[in-house]
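Below is one structure, written out as structure tokens; the observations come after it.
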């Protein structure tokens, strides 16, 4: 297996221009494909997940052109639901941001299409979304294991009253919200259980509004969506930088700054993961906010005990930053780590112990006490981009670290290690 050994980093300093947000890129691509008119997306993320969405749109007859660096995309909207001319299978890798929204959108009208992906995708639950779509008339068949992809979709979603469980993934609600305006009837979506990752719903609502559709949000408990609507292209749309990707550089500065400035997001960003910077501030770093940047300057870091449900992806970065904080850090309400690219609670606990930390792994929390001195280890990454990026922070000590399968960062950030090297000074 390929590996990358990072030598100790004495200091980080500099500016990082963030790649486009994965969450925003894939939502914008789908809405542009469903909309009337031509949409030009700029600062689009070029990564595996986005390529899976683009390949699916091609198979569905959507025409688009990409710039040479794949960050500018001109899409000719379909002016309504997408149709596969003949029955076909779409392979979506391990891209939840493609699988969930497409599973809903392809239930409009009369399709016959199979959605499948990598082995890990077949372990990521989708039952709550399927249950909700079926309530609205969709005809969906599980082809292997009940409640998991691959799925056969045969259209039929017309709207109506739909209950959806929000306790596992906000992407199920996102998928329903984006699909419902194109259904023939009105849809009333009721949330069962606690809605996780609420800020990701705000991204969805914000983008839908950009494409001309507003819905009634009743305190995130119920959403009323008028049927028979259509999306309209906004013309040009700039994709924000990826706030989850920003977390690694901001944390690096908190640990070994200097100062690191990330551009492409700022105080008015629609991504909830910008709140990660508040957590670093609480730990003792200095944060400065601009309209188009966030900067972080080193501080003496102290442990925290916090509910991280609002920033589940960026919270992983706090787990490795905790290795550099004084005291025991507890991250709570993070059960949904278990249904991501890998079981991230298990993976994080296992790898933190390798570098010498004392770790308690609970059903929905993790507690981390750093060692006096970090140990050299080979870090398994579980084909999870965030594991690779999180554990790069171990090199900010006087101990090197080896990352196995470093190219797994291609899911969201193909040149992550080059960017980290650019702002790093060796120990």
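Each residue, glycine too, has its Cβ placed from N, Cα and C.
Taking Cβ-Cβ distances under 8 Å and a sequence gap of 6 or more within the same chain, the neighbours of residue 313 (active site, proton acceptor) are 244, 247, 273, 340, 386. DSSP gives residue 313 (active site, proton acceptor) a helix state. Among the features that Swiss-Prot reports, active site, proton acceptor is placed at 313.
Cβ neighbours within 10 Å of residue 22 (phosphoenolpyruvate binding site), excluding its own Cβ and spanning all shown chains: 26. The secondary structure of residue 22 (phosphoenolpyruvate binding site), as reduced to three states from DSSP, is helical. According to Swiss-Prot, the phosphoenolpyruvate binding site annotation covers 22, 96, 124, 171, 344, 386, 411, on the basis of sequence analysis.
Under DSSP, residue 170 (3-phosphoshikimate binding site) is assigned to coil, being neither helix nor strand in the three-state scheme. Within 10 Å of the C-beta of residue 170 (3-phosphoshikimate binding site) we count 25 further C-beta atoms, all protein chains included. The 3-phosphoshikimate binding site annotation in Swiss-Prot covers 22, 23, 27, 169, 170, 171, 197, 313, 336, 340.
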Between 171, 197, 336, which of the binding-site residues has its C-beta surrounded by the fewest other C-beta atoms within 10 Å?
336
If I take the Cα of residue 411 (phosphoenolpyruvate binding site) as reference, which of the binding-site residues 27, 170, 197, 336 has the closest Cα?
27
The answer, for which of the binding-site residues 27, 124, 344, 386, 411 has its Cβ ringed by the most other Cβ atoms inside 10 Å, is 386
